[in-house]
Structure formats: structure tokens, C-alpha cells
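Contents: one structure, followed by commentary.
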Amino acid sequence: MEGSYPLHICHVNPLSIFINRSHTFIHSIALALLIYYRASFLFLVQHPKTSATPILPWLLVFVAELVLSFIWLIGQAYRWRPVSRTVFPERLPEDDKLPAIDVFIFTVDPNKEPTLKVMNTVLSAMALDYPQGKLHVYVSDDGGSPVTLHGLKEAWRFAKWWLPFCRRYRIKTRCPEAYFSASNDDDDEGFGSSEFIAERKKTQERYEMFKKSISEVKERVRLKGNSRITAQDHPSVIEVIQDDSDEKVQIDQGYIPLLVYVAREKRPSHPHHFKAGAINVLQRVSSVISNSPYILALDCDMYCNDPTSARQAMCFHLDPKISPTLAFVQFPQRFHNICKNDIYDAQLRSAYSLMWCGLDGLQGPVLSGTGFYIKRVSLCGSFIHEDVDLTELKQSFGSSNELIKSLRGNYQPNAIKGQQGLLKETQVLASCTYENDTKWGKEVGFLYDSVAEDLFTGFILHCKGWTSVYCNPSRAQFLGSGSANLNDLMIQGIRWSSGLIEVGFSKFCPLIYGPPRMSFLESMCYGELSFFPFYFLPLWCFATIPQLCLLNGIPLYPKVSSSYFVIFLFIYLSSLAKLLQEILFTGGSFLSWVNEQRIWMMKSVTFHLYGTLGGIMKRIGIKEASFVPSNKVEDDEQVKLYEMGKFGFQIPNMFLVPMVALIILNVASFVGGLVRVVFLGDWDNLFVQVFISFYILVINFPIIEGMIIRKDKGRIQPSVTLLSAMFSTIFLLVGSVILHC
């Protein structure tokens, strides 16, 4: 860093920019012609020759096309200037000059988030390749579970064996479960030597003992039961995990990072603000224990797959050209359980291979919940400056004197070596009443105005002038568990959609609040994310209105012989061709192209609808915010179906019935439309509507397969098919009556 060599390089791809901007320009012209075609009908609707054409279905389709076009248009900001980056960690300064890092790991429910999986994440974080004494690991246990606390103590003991083994042989995969269950890495130093084999065997035996200990305590807690401490009602518990035996540790204690267990106080009468509240508690507690200038946040299942991620992040944070305004470095979420035929799009390809790269070319990517290194001071609002008085600081950060002291850069806490008074201070900082009458969650820390706390906090940081960076190296830095079943995907999707809509319908709406405070293109990207769930409106419309009109012989699209037909055909082919190009350029396949279209349709007509309604109701005060943690327990049957490329339709009827009802409606429409065009010769007028039904059925064939062909447990039950058929019939009857009124 002291020489002329940069710590990182930003690469711009001129070819991608040319393709993206050319497509946006040409496609926008086609959309303008489509809008002209639709609008001209409205002006001609009173003409005697066209007065018999129903205005309502035409208007509904037009509105759907406008919504779809609007979301597409603001989403083109992602494609304006995509970039990629290369880092050079070997050019960093000496270890003694690197800043300290606090690692935050979050867990809630040991039943949904297996303790062994959480501890593997903890051990992988403790094993990061970072200087001695500059790494501290905090685990937030929002459930206050004794199983998690015991697991941390066992993890600490096992770390005495695991960390030296990783360092001695430069192990790359430092998550024990992933390392011992996979084939050996030939790049590990000493691989194949008798000494290495012996050490590996000894370490693996210790790991098996570690796993057994966690299983035993989980069983003891289950048998004991009836604890008065619950996930929603428990006191704060902060414990620095240390060796409680007299046995001499065979390695230098300094090589084991500080490990702290934090269970914040939760009471039913006090709001706890879900994950955002947990992050803010860890921020306060860590401030008076280690007070590292940088924080790595990880979900409990997102283990460190590359020990060099901290050094890679520092390549940006220590660059004097960008560091003053750089808030965080975001790494992509990658998943270890993704199949080649990813029917659920669990890898989130579009976000992490396309959208975040585009944001990186603007003001920086969105804060994505996990896998980011954030500068602590960026979460302190605008209250950290020399002339601020003590009273103002206490009004913002609360009454803790130690916390106020920690806001100064030269503060060096030492809560570990016998300072019990300072540890008691952390109990106060983790209490459920500490934030009362402060600015935590409003202007300080992670913000509480949405259950999508990561997106909202990142948006406000960008509005304040902070920037961010997206680092996507070839080796995944963090690996987690992707959704391998439809039920988890739907439940998680409702939460995401609800949180996004909350932001879009708040006073911080990105399209209004953003442009005066950030790059206009960046605000367009945030706007697209906030209103993305509104895809449910055009998707429901295109899956019902053209079909209803087809069965009643009402054309909604131009004739095949009309020049405007070419416009609709071009828009359709242009959209699909661009999607295919992006998928192929980011390592996908034709199968991925089909899968992504299908899951987009499924998401739009189910959890985007429910999430949007829930977010709007929360915003107007009808419904309270809720948070259901993602299920990290793998269901063997569901995993087997996923690996076979088959959907597991064992999901609640609120998700399944809409999908099945729409498929039945489109089957009826397609068959009825074919009969009409064959026997009545109405092909020229109704071809587009027949094709829409055909396209929906082809893309969503797995639903038809689940209804008719499959006999396994993952099939769609006949009762669901019958109920869905009833709803489809009612819609057709009522819709036909309305059309002929």
C-alpha cells in the first residue's frame, strides 16, 4: 500500500455496457409504441364501430402492461455500468497495522437453526486468516437457549484443536463439517504426508466428540422441558467464553479469538425489532468489550468458506482513495446445496451475478443481510464529531458512559481481564428498555422502519453520502443453505416482499427520497427493489384476463396481420432473448432460463401478492410486523425431490390453490381457444391469447405433472385440485357475466 501498486482494480466491460444500453434503447421504443397502441384504443372507444368492445378488460391489461413496463424501466439502471473487481491482499500493510474486526453471528431458534450448523459457522469465523488479537466473535442468541450457550463452550474447546490444525496446514475450508465431509484439498500444505494424516485423524476424532456433546445436551434440555425462560421472555445474558478447567492449553491462548455469547433481554411487552434489534445490541455490547472499527455480519448458516475474506475486504477499507466514504464491502451469498437443475432459483443468480455488479458501478451494492464488512462509525449516524456535547450523545446513544467513551477512536476497552463491572454494563446495554428515548433504530445503528432492515439501512447510508463495494471473487467467501423446498421459499418470500413494500410506501420511498440525496440511477435501483413485489399485479392480470376474454371471443391484442402485432412479438422475443443472454453470460444454461421464468411466475402470484398486501397493511397500521426465521433444518424427502428436479408441493393451500387454479383456468382457455379458432376461423384475432395460455402451461408443466401424473408424496392432492377447479369455474362464470353486462 505504501508503494505505487493498488490494493484493488475495478474492471468495466465495454461490450456488456454496449449490449445493455442498446437493448434498453430499442426495447423502450417498442414499449412506447405498445403504449401508443393501447392509448389510441381508449380515444377511439366511443366510436360507433368500437363501442361494443368491452373497455374493462382492455383497461386492466393496459394497466398491467404499464406496471410491468415501469418496473422493467427502473430496473435498467442495474445494467447501465456493471463492473467487477480484483483484489491484491498480498499488498496490504504488515499484520500489526491491520485494524481489528468484530464478527457478529445471529441465531434465533435451535429447532429451526441446528446448533451444530451454527457452531460450524462460529468455528469458521474464529479460523479466519487474520492477525492475532484482532479478531473477536460475538454470537447473538435471540432465543436465549441453553443449547446454544453450551454449544459455544464446546466450540471453544474444540477450537484449541481445530485452529492450530488449520493454521499449520493452511486449510482453505475452515468449516469443520464441510472439511471432513468433502474430499481433501490438494492445496492444503502437507497433504498426503503421514504427519498430516495423523493430525487430521486426531482432529476429526475430536470433532466427532464435539458433535456428540452437542447432541447430548440438546437431548437433556428436551427432556427437562418446562423452562420459564422462553424465546420471547428472558433476561439478558452476556458471557465471555473461556476455559473453565485447570488443564493447560497446548497452544498460545492468544491464537484463539475472543468468543462472546449475547442473549439480549426480551419481554412480551417490549418490541424487539427482530434482527435489526439484535444487530444493534451486539453493536453496543461489542463497543465496550472490543470496539473494533470494522464488523463482519453473518447469518448462522453462512460459514466462512475462504479464510482470506477479511483481508480481501481490507483491500477496499484501507484504500485511502475510497476509504473515507466507504461504509461496507458486500460479498455475494453463495450456497453449498444448489443443484445444477436449480428449480427454485435458490442461488439468486440475478441478484448476485447481475444486479449487484450493476449497483457497484454506481454508488455501490445493497446491504444484503449477511457477508458484509461494515465500518462501525457508519452506523453512528451524524453524531460523531468533535464539537458534539455529552448531553446530545446520551440523547442519541443512551445513558451508558462506557458506550459514550467508545465513540472516541482512542478508546480501548478491556472487559475480559477481570473487569466485572464493565461486563455488568453490557447487561444494561442488552436490556429491552435501554433504547427508550434514544435514536437507536431511527438514526443510529440498523433502522427499524422495515423488516427488510438490511436494504433500508443500506439505502439510508447511501442517502447520507456513504458508498459501498461489491467483491465477488472466484472462490465463494461464504457458503450457506439455499431453499431446497417450496414451503421455505414461500415463507421467506413473504417476509422479503413485505419488507420491500414497507420501504416503497414510506416517507423514504427511494424514487422520491433518493434522487436529491444520491445518484439518480442508484435511486432507480432501490426503487426497483422496493416495488419489485408489484409484479404480482401484471402476472395475475396476464394469467386471467386474456384467458377469460378468449373463451368469450373478445380480442385484446392486435391481429396477426396487423403491423402492431410485430411490436408485441418483438417485445416478447426481446425480453426472453435478453434474459437468456444474461443467464448464459453469468454461467447459467437454457434449463436455468426456463426455471427462472417458472419460479418468477410462481413467486409473483403467491408470496409477492401476500407480501405486498401485508406490507401495505403494516404501513397503514392494520397489521403488526412479524418475522419467521428461515428453516435451516434439511428435510431429506424435500432435498431428494429437489435433487431430482421435482417440486415438493407439500405447502399450505394459500400458496398452492392460486397456482393450481390459474393452471386449470389456462387449460380451459387453451382448449376452448383452440376450438374457437379451429371451428370459427378466428385465428387472426385470437392467436396471441391462445399463445399466452399455451406459454403459461408449457413453462409451468411441473404443476400439471403434480396434479395428474405424479403419485409420490410431493404431488398435488386431489382435494386441492378440486378446490382450485371450483375457484376457476366461479371466476369464469362471474367474469363472463360482467363482460356481457
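Just so you know, glycine gets a Cβ as well, placed from its N, Cα and C.
Database features, via TrEMBL:
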type     : residues               : note
ACT_SITE : Asp142                 : active site
ACT_SITE : Asp454                 : active site
BINDING  : Lys112, Glu113, Asp142 : UDP-alpha-D-glucose binding site
BINDING  : Lys275, Asp299         : Mn(2+) binding site
TRANSMEM : 25-43                  : transmembrane segment
TRANSMEM : 55-75                  : transmembrane segment
TRANSMEM : 525-545                : transmembrane segment
TRANSMEM : 565-594                : transmembrane segment
TRANSMEM : 654-680                : transmembrane segment
TRANSMEM : 686-708                : transmembrane segment
TRANSMEM : 720-739                : transmembrane segment
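Every protein chain shown contributes to the tally, and the Cβ of Lys112 (UDP-alpha-D-glucose binding site) ends up with 16 other Cβ atoms within 10 Å. Tertiary proximity for the transmembrane segment (25-43) is limited to same-chain residues at least six positions away from its ends with a CB under 8 Å from its CB atoms, namely 50, 53, 55, 58-59, 61-62, 65-66, 69, 72-73, 558, 564, 567-568, 570-571, 574-575, 578. The 10 Å shell around the Cβ of Lys275 (Mn(2+) binding site) contains 21 further Cβ atoms across the protein chains shown. Between the transmembrane segment (565-594) and the stretches 55-75, 525-545, 654-680, 686-708, the greatest number of Cβ pairs separated by less than 8 Å involves 686-708. Comparing Glu113 (UDP-alpha-D-glucose binding site) with Asp299 (Mn(2+) binding site), their Cα atoms are 10 Å apart once rounded.
For the transmembrane segment (720-739), the partner stretch with the highest count of Cβ pairs under 8 angstroms, out of 55-75, 654-680, 686-708, is 654-680. If one looks beyond the transmembrane segment (55-75) by at least 6 residues along the same chain, the residues whose Cβ comes under 8 Å of a Cβ in the stretch are 27-28, 31, 34-35, 38-39, 41-42, 45, 511, 524-525, 527-528, 531-532, 534-535, 537-538, 541-542, 545-546, 548-549, 554, 556, 738-739. When the recorded positions Lys112, Lys275, Asp299, Asp454 are screened for a C-alpha within 10 angstroms of the C-alpha of Asp142 (active site), the residues that qualify, in sequence order, are Lys275. For Asp299 (Mn(2+) binding site), the Cβ neighbour count at a 10 Å cut-off comes to 23, with all displayed protein chains included.
Long-range contacts of the transmembrane segment (654-680) within its own chain (CB-CB distance under 8 A, at least 6 residues past either end) are made by residues 486-487, 490, 543-544, 546-548, 550-551, 553, 602, 605-607, 609-610, 686-687, 689-690, 693-694, 696-697, 700, 703-704, 707, 716, 720-721, 723-725, 727-728, 731-732.
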